[in-house]
Amino acid sequence: MLVSYNWLQDFLNLDQEPHALAEKITRTGVEIADVKHPEEGLKKLVVGKVIDCEGVEGTHLHLTHVDVGEDEPLQIVCGAPNVAAGELVIVALHGARIAGNEKIKKGKIRGIESYGMICGLQEIGFSDSVVPEEFADGIYVFPEDADVKPGQDVYEALGMDDYILDFDITPNRADTLGMEGAAYEVGAIVDQKPKIGDVVLKEDGPDWTSSLEANVDEKLAPKFYLRKLTGVKIQPSPLWMQRRLWNAGIRPINNVVDVTNYVMLLTGQPMHAYDAKTFETGKLEVRLANKGEKLTLLNEKEVELDPRDIIITDGEKPVMMAGVMGGLNSEITSETTDVILESAIFDPTLVRKSALRHANRTEASSRYEKGVNWDATEKAINMAALLLRNDAQATIDEGIIKATDTKREPVVVKTTVSHINDVLGSEISAEEMIKIFDRLGFVVDQDGDNIAVHVPNRRWDISIPADLVEEVGRIYGYDNLKSTQPLLAETHGGYSEKEEMMRRMKAIVEGQGLMEAISYSLTSPEKAVRYTKDPKDIVKVQMPLNSSRSVMRQNLMTGLVDAASYNFARKQTQLALFEQGRVYDHEGGTFNEHEHLAALYSGNTFAENWQHLTQKVDFYFVKGQLTNLFTAIGIDPEKVTYEAAPILGMHPTRTAAIYIDKQYVGMIGMIAHAVTLADKALRGAELYGYEINLDTIIPMLTKGMTAVPAPKFPAIERDLSLLVDKEITNQEVENVIKSNAGKYLVDLKVIDVYEGSHIAIGKKSFAYNLTFLNRKDTLTDKVVNNAMDKIIAGLENDLDIKVR
C-alpha cells in the first residue's frame, strides 16, 4: 500500500519528518519498506503555456513558442503528436534534470534552435502504468481548469512534492489497505485522533429500487449494496484526484472509474461501477459460474470461467468476475449516462482462488482476500455517489438496494492488566493501558484488574488476549520495555541417565561398523504396523500431503528398508544401517512416544579378500551383533531369550521375539520375501535386522558394571553336532543344553547350521561350541564328559535329537 504523506495530513497534524515517521511506524510492527520523494533528483521543471505551434516541413516536429513566466517566450522544438497552441505543459528549462539524471541543454534540432524540452510524464519519472492513456505516447497537458500558471514549479501541481510511504502490509494488517485505516494506525502511534467523518448524502432523484431485482447468494456475498446515478457526464477526473491515484500506483481513466478507485484507496472497500444499460433485463444475480461460461474482462482478456468463480450476471450472461475485475460488456464508456455502483463483500477464499486461477490479481482482489471492513460498505457507496455528483454532475436516485446485509458484531476480548504485563515483562498501569486502547479507538470496560476491550470491525485481526498484548506492546513501544535477565534455576548441565545411555548405545553400534540413517516419521498405514509384534492404534495426520505419509510410524524398520531400497537402486548392496528415534501410537486414547533402536544388514559380514572367504549376513550374525550390544551395556546374555513369533513383514521361520527376563523388548530376524520381492530395487534380497524398545530396556540396566578377574584355570571346549527336526529352533536346543550342562558351562555358540545333501529330508544339522570353566579349580575331563553325557541325554529325551 502506497500511502501519501500529504494525504495523511488531511486526517492528522503531522509535524514529523516523513523518514522519521516511517522509522517510528516500522518500530510498531507495520514495516515501511521505502519512502519515496517523486521530485527528488529533478530540477528546473516548470509549467509552460504553448503560445503558438507550427509544423516543421518534411518532419513530424513542431516549432513552438512557450510562455514559461519569463520576459520572452522560449522557442522549443517538440516531436509529440499532441502538442498544440493554448496548452499548459511541463517544460524542462536549459540546465534542467529529468528522470535518469538526464540534463537538458539548449541545442539545435534539424538546424532549429531549441531552448528547452516539453515533457511527458514518463520523462520526469512517472511509471508507464500510471500515465493516463491519452498521454501515453505524447506530452502531458494540464487540464484547462488546473490551478497552475506559467513559470511555477510543476512538482506541487503533479503531486511530486509528496512523500510516499510504502506500507509492507502482512495479511493480518489489511485494515491499513485504506487511507482511513492507515490514519488510525499512524494516529495511534503519534497519539492523535484522526479526523474521519461520516458521509452526509442527500438523494435528489426518484426511487429506483423497484426497477432492479437483485438475487444474491449470501454465502458468496454476505453484503451486497447497489446505488444508481443518472445524468452522469463522463470526463477526466479533477487533477487533485488524479494526483492521489497515480501516487498510489493507479492509472486515472475517467471520473466514474477514478471515483471507485479513490474510494477504495480511502476506505479500503473495493467498488465497481456498471453502465446501467447492462441490466436492462431488470435482473442482477450473484452466483457461481457454470461450466463453459466465458467472460471478456476489462483488460480485453477472454477467460473461461470455472464453476468455483463468483460472477455477477444480468440474469443471463456474466458481466463481472466478482471481486477481481469487471467485464468489457458492462464497462463505463464515453457514451454512458446512467451508472450503477456496487459495494460488496465477497467470500475471500473464492476471490483469491479466482484471481490465482486466471492470473489476474488486482487491487480489489488483494483486499478481498485479506479482508475488508464490514462497516465501510455503505459509507463507501455513499461517498462515491457524493463525489460523482460533484465531479460528474450526476443525480443520485433515491434508495440503496441491499440484496444481502449480514451484520457482524464487534468483538469483545477479555483479559487482565496483570496478564498483559506478565507477557510483556512490563509494569504498565491500568490507566496507561486504557489510554493506549483509546488511542487505537478501542472502548474498554474495566473491573479492577479485569478488562473487556470492545474492538471495532475495522480491526478484524484482533480476537484473542494475545492480540491485545501485541497492541499494548507495540503502541507502548518495544524500545520502552525494560531489559531483564531471564530467571533460570542453576543446574549442573549434562544429559539425563536415559540420554547418556542412548548416546552410549549409538556409539556402540557405530563401533560395530553401522552407519546412521534418519528416516521420515510419517509413513503409510500399511507400513506403520509392520515389524511389530502387537501393533497399536495408529496416529493419523489430519491433513496429510499424500497417502504414503498419512500416519506416524510405529517402527523404525520401515525407514531402514526404504533406505536399503534407495541404496540397492544405486548398486550399493553391502549395507549395515541403524536408526535411533521415536515411534508413535494412540493406544488407550492417548498419544504415546517410545524410543527405539533398529539395525538392518545386507550382503556380506565383511569384504572378501585373499585372507578371508566371503560370508553372508544371516540370523546368527545379527544375533551376535545384538548380543555384543547387550553385553556392552550390562545386560547378562543369559537373561535374554529368543522365541519364534509371527511378526507382520518378517520371515515366518527366521524371526524371533526378544525377551529380557521374560519381558518383550523387540524382534530380530529376516525381512519377509513378500516385502523385498514387491520392491523393484530389492528384488528379493535377504535383509536381516533387529528392533528394540529402549524405553523398556534402559530401566532394566543396573548402574555400573562388576569387574570379573581373568580366570586362573584353563577352560575346556567341546563341539557338538546334532541332527534335529526342521521345525525345532536354535533357542529350544540351547535351552535344553543350558538346563543340563551344569554350573561350569560359561559359553555356548552356534558354529554351523546346515541342511541339504547328506541330510535326511525334514532334518537339519546344528553344530555348537561349548566352553566349560571352573574359576576356583582345574576342571577335569571327567566332569566335562559327565556334563556332555547329560546334555546328549536331555536332547534325546526332550527333543528327540541325535548326535551326528
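For all residues, glycine too, the Cβ spot is worked out from N, Cα and C.
According to Swiss-Prot:
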- Asp461, Asp467, Glu470, Glu471: Mg(2+) binding site (BINDING)
- 39-155: domain 'tRNA-binding' (DOMAIN)
- 408-483: domain 'B5' (DOMAIN)
- 711-804: domain 'FDX-ACB' (DOMAIN)
Taking DSSP H, G, I as helix and E, B as strand, the domain 'B5' (408-483) contains 33 helix, 17 strand, 26 coil
Its Cβ having more other Cβ atoms within 10 Å than any other among the binding-site residues Asp461, Asp467, Glu470, Glu471, the winner is Glu471
Helix, strand and coil residue totals from DSSP for the domain 'tRNA-binding' (39-155) stand at 12 helix, 49 strand, 56 coil
Its residues classified by DSSP, the domain 'FDX-ACB' (711-804) shows 30 helix, 32 strand, 32 coil
